[in-house]
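**Student:** One structure, as structure tokens, below. Some questions next.
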């Protein structure tokens, strides 16, 4: 590992001041933030709260065709992303950007942004620039995460990673370019559609989600945690990593959806909590899949977290208890949607179930 981070920085980080008002202020306040304490997620009896067996994953909301909804939203997002990154000089970096950005993927984050915007009274067109911005940043983070100095991954979305095709130098530049493009795209395309004060808030929310109070913090602690003895690391430590590294961008996607749709402060907080729950859920399931599925099924290298000595939920609490945590988080996410129009909330209920039951 080329990057060395000392674990003492973890304790210093969580004691630091100056975080955003709505940020995760301490790994010990998980219950306050999401309604789920580390221990409460492990209290299901007799395995009854585990992830539903294959074939039953759609029972939570069988009347809503989430598969069709997801396909249609992904098509809309893909078309908007394609237009946002035309081929132009310098061609090599533009090709590298397009290679990763248009490589497919589930588009969970832009879908979340759009679904939330529609939930609070907005529409897809109003949310699309923010949805694309979130996906650009997500792709940027994947390009950088896959680098040899980070996770050293060879496959992403079933294809060779960006640095394997274009080289490490070009991959770094492509990731940087996507990060800058995200903010330019959201502000320029939304001009005239969203009030300036709301756009300023959206920019701040997104910036905080990916900086040292968000994604960067999670990645730093993740790197520092490699090869740690799981017996000496608590569940709160792992949740801190993933509330920042994974959930922070999902949280931003949801909050941006509310902002773009003209939602209220109360709606922002409810959907912020929903996103935190599905963010943790996404990572728990990701850890489970890493040790239960093949490389072909995942579209990325299976077992790489184990080989890298990373902290994961199965490593820390075991496979069965990880499944219990996942189901608990799914239910907690759905509870945040109570009080909304059920028909408009249906995509978000189905999204939580989809994340819990996905196979890649």
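Please read every residue number as a count from 1 along the shown chain.
Cβ atoms here come from the backbone N, Cα and C positions, even for glycine.
Pulled from Swiss-Prot, these are the listed features:
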BINDING   106, 109, 138, 157  isopentenyl diphosphate binding site
BINDING   145, 151  Mg(2+) 1 binding site
BINDING   145, 151  Mg(2+) 2 binding site
BINDING   156, 245, 246, 283, 300, 310  dimethylallyl diphosphate binding site
COMPBIAS  36-46  compositional bias 'Polar residues'
REGION    24-54  region 'Disordered'
TRANSIT   1-39  transit peptide
**Student:** If you measure residue 245 (dimethylallyl diphosphate binding site) to residue 145 (Mg(2+) 1 binding site) at Cα, how many Å is it?
**Tutor:** 11
**Student:** Taking the mean position of the Cβ atoms of 106, 109, 138, 157 as the isopentenyl diphosphate site, which residues outside that list, in the same chain, have a Cβ no more than 8 Å away, listed in sequence order?
**Tutor:** 105, 107, 108, 135, 139, 142
**Student:** Cβ-Cβ under 8 Å from residue 310 (dimethylallyl diphosphate binding site), same chain, 6 or more residues apart: which ones?
**Tutor:** 222, 225, 226
**Student:** Mind checking which of 145, 151 has the fewest other CB atoms within 10 A of its CB? They're the binding-site residues.
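**Tutor:** Per-residue Cβ counts within 10 Å for the binding-site residues 145, 151 bottom out at 145.
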**Student:** Ranked by the number of other Cβ atoms within 10 Å of their own Cβ, which of the binding-site residues 156, 157 ranks first?
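**Tutor:** By the 10 Å Cβ neighbour count, 156 comes out on top.
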**Student:** Compare the Cα of residue 109 (isopentenyl diphosphate binding site) against each of the binding-site residues 151, 156, 246, 283 and report the nearest.
**Tutor:** 246
**Student:** I'd like to know which of these binding-site residues, 106, 109, 138, 245, is least surrounded, judged by other CB atoms within 10 A.
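**Tutor:** Output over binding-site residues 106, 109, 138, 245: least Cβ neighbours within 10 Å is 106.
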**Student:** With H, G and I counted as helix, E and B as strand and the rest as coil, say where DSSP puts residue 156 (dimethylallyl diphosphate binding site).
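**Tutor:** Where residue 156 (dimethylallyl diphosphate binding site) sits, the three-state DSSP reduction gives strand.
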**Student:** Given the isopentenyl diphosphate binding site residues 106, 109, 138, 157 in the record, what is the largest Cα to Cα distance, rounded to whole Å?
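**Tutor:** The two farthest binding residues have Cα atoms 15 Å apart.
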